[in-house]
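Take a look at the structure set out below.
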Ligand code: SF4
Ligand code: SF4
């Protein structure tokens with residue numbers, strides 16, 4: 001049997017078409033962030049992006065100083081690009097499938113800070129652990 | 001206070017971050033603007049955990065198979081374990097009288113508020129005797145369950161349009177849910193089976209924002225707004241007039257358009273070309289087979305899966321589309337299909353008379 005890749009599937013050749021417009025949108029969003037603190041988010045999955053588009057975005061935005069990994073319902077990668085305030089966010093499922101990919105324009109993506117309820121639940125756990133220690137248990 | 005969806009997340013040890021991620025993934029799946037993820041998070045955090053009742057009638061369980069074997073187990077899992085309290089007689093452990101009691105109790109508690117998911121057509125023939133469970137016919141059962149439902153989601157082409165049971169000669173007098181229930185909002189999630197992400201996406205959308213925008217077949221536009229053909233990666237070949245004429249010719253090997261091999265993509269509204277199947281791996285056309293049109297009414301009776309559509313849907317007349325060799329094959333194929341069809345029509349007419357209640361469905365979307 002022939003190898004599967006011997007069956008050609010030919011996608012139409014596609015130059016960078018949407019990346020330039022996206023970069024303009026990002027510039028406008030940064031302006032708004034500076035002026036009024038308004039955050040903005042672009043869902044990359046909802047746009048037809050060719051490999052050339054992606055290359056152009058990567059190249060222009062570059063790599064920044066912060067890179068975070070989040071483990072909640074699978075892995076997420078949150079990376080600041082070389083343009084401060086522009087974050088490249090990739091959420092994957094538990095089995096490593098990409099769920100969404102977006103560019104967020106903000107000081108810190110909303111998903112990063114600890115939530116109040118989560119803090120309260122964590123505090124409760126900590127207190128229980130402390131109480132257990134004091135009562136001599138282990 | 002009633003337990004909210006966010007509470008249910010937190011009781012399962014999931015953080016606010018997991019919840020936000022879930023909302024972002026779902027908003028993206030639904031092709032909503034990213035800002036909607038925040039609105040969805042806010043809404044779901046305060047929405048009481050809904051009851052979902054899932055009833056199955058004349059069906060093959062393919063829809064449920066699809067839903068439980070879906071590409072992002074996380075989301076589907078959350079959907080059915082954390083978000084909603086579901087009654088489903090196939091998935092639950094209880095059986096027999098215990099199952100019936102559990103279902104009655106779930107319905108009583110959430111009467112007027114639950115989401116009713118119906119899978120399968122409803123047979124009206126012989127007084128409903130073709131589908132009976134616990135002494136009650138499907139049609140009576142559906143009428144009763146619908147009375148307490150806030151909305152009905154008809155999952156699969158059988159529930160939405162009648163599907164395979166409804167196909168000629170329709171010996172059981174099967175009808176879609178919308179023929180039985182007329183006074184409740186119904187969302188049709190068609191497909192044989194529907195894409196799993198579409199099923200769960202619709203439920204989450206309904207919980208967050210209420211009724212979605214529907215097309216004239218009652219399907220959510222977010223998933224059924226485009227044809228397979230609109231989003232097909234083989235479309236450039238269609239536009240260039242390059243077609244596969246058999247499943248093993250040069251065109252097939254080169255990945256050209258499958259129109260001549262009976263692809264129903266041009267008249268089929270579904271999300272397969274973008275969401276794809278099996279962990280986003282592929283969809284029929286990517287595997288070299290035309291679309292069967294499974295999310296459209298009467299897809300079973302449209303004259304043959306391998307028969308080209310009767311008219312070119314692009315900008316040329318049919319004659320220009322067809323190459324000579326294809327014409328020969330198509331004529332033979334069409335001849336056979338026509339024979340089969342006239343036979344079916346005669347049978348259908350007969351059944352319609354016998355059953356009396358058989359509705360005439362309009363043809364959809366054919367342009
Ligand atoms: S006819 Fe089918 S294979 Fe051809 S472009 Fe349309 S959807 Fe794709
Ligand atoms: S490609 Fe067509 S036949 Fe196949 S699942 Fe999608 S709509 Fe149904």
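Every residue gets a Cβ built from N, Cα and C, even glycine.
Residues or ranges marked as signal peptide by TrEMBL: B:1-38.
Per TrEMBL, the feature [4Fe-4S] cluster 1 binding site maps to B:60, B:63, B:158, B:192. Within the same chain, residues at least six positions away from residue B:60 ([4Fe-4S] cluster 1 binding site) with a Cβ under 8 Å of its Cβ are B:164.
Feature annotation from TrEMBL assigns domain 'NADH:ubiquinone oxidoreductase-like 20kDa subunit' to B:60-205. DSSP labels the residues of the domain 'NADH:ubiquinone oxidoreductase-like 20kDa subunit' (B:60-205) in these numbers: 70 helix, 30 strand, 46 coil.
Annotation comment: TrEMBL describes B:224-304 as domain 'Cytochrome-c3 hydrogenase C-terminal'. The average pLDDT the prediction assigns to the domain 'Cytochrome-c3 hydrogenase C-terminal' (B:224-304) is 90.
DSSP gives residue B:232 ([4Fe-4S] cluster 2 binding site) a coil state; it is part of no helix or strand. What TrEMBL lists as [4Fe-4S] cluster 2 binding site is B:229, B:232, B:257, B:263.
What TrEMBL lists as [3Fe-4S] cluster binding site is B:272, B:291, B:294. Annotation for residue B:291 ([3Fe-4S] cluster binding site): same-chain Cβ neighbours under 8 Å, separated by at least 6 residues, are B:228, B:263, B:264, B:265, B:268, B:272, B:284, B:285. In this structure, residue B:291 ([3Fe-4S] cluster binding site) belongs to neither helix nor strand by DSSP; it is coil.
Taken from TrEMBL, the feature region 'Disordered' applies to B:347-367.
The Cβ of residue B:272 ([3Fe-4S] cluster binding site) has 24 neighbouring Cβ atoms from other residues within 10 Å, across all protein chains displayed.
Less than 6 Å separates the Cβ from ligand 1 in the case of none of the binding-site residues B:60, B:63, B:158, B:192, B:272. Cβ proximity to the [4Fe-4S] cluster 2 site centre (mean Cβ of B:229, B:232, B:257, B:263, cutoff 8 Å) flags the following additional same-chain residues: B:228, B:234, B:235, B:238, B:258, B:259, B:265, B:266, B:285, B:290, B:291.
Only B:291, B:294, in sequence order, out of the binding-site residues B:60, B:232, B:257, B:263, B:291, B:294 have a CB under 6 Å from ligand 2. With respect to residue B:257 ([4Fe-4S] cluster 2 binding site), the closest of these binding-site residues in Cα terms is B:294, chosen from B:63, B:158, B:192, B:294. Other residues of the same chain near the [3Fe-4S] cluster site, with their Cβ within 8 Å of the Cβ centroid of B:272, B:291, B:294, are B:191, B:228, B:264, B:265, B:268, B:270, B:283, B:284, B:292, B:293, B:295. Chain A comes within the C-beta cut-off of under 8 angstroms for none of the binding-site residues B:158, B:232, B:291.
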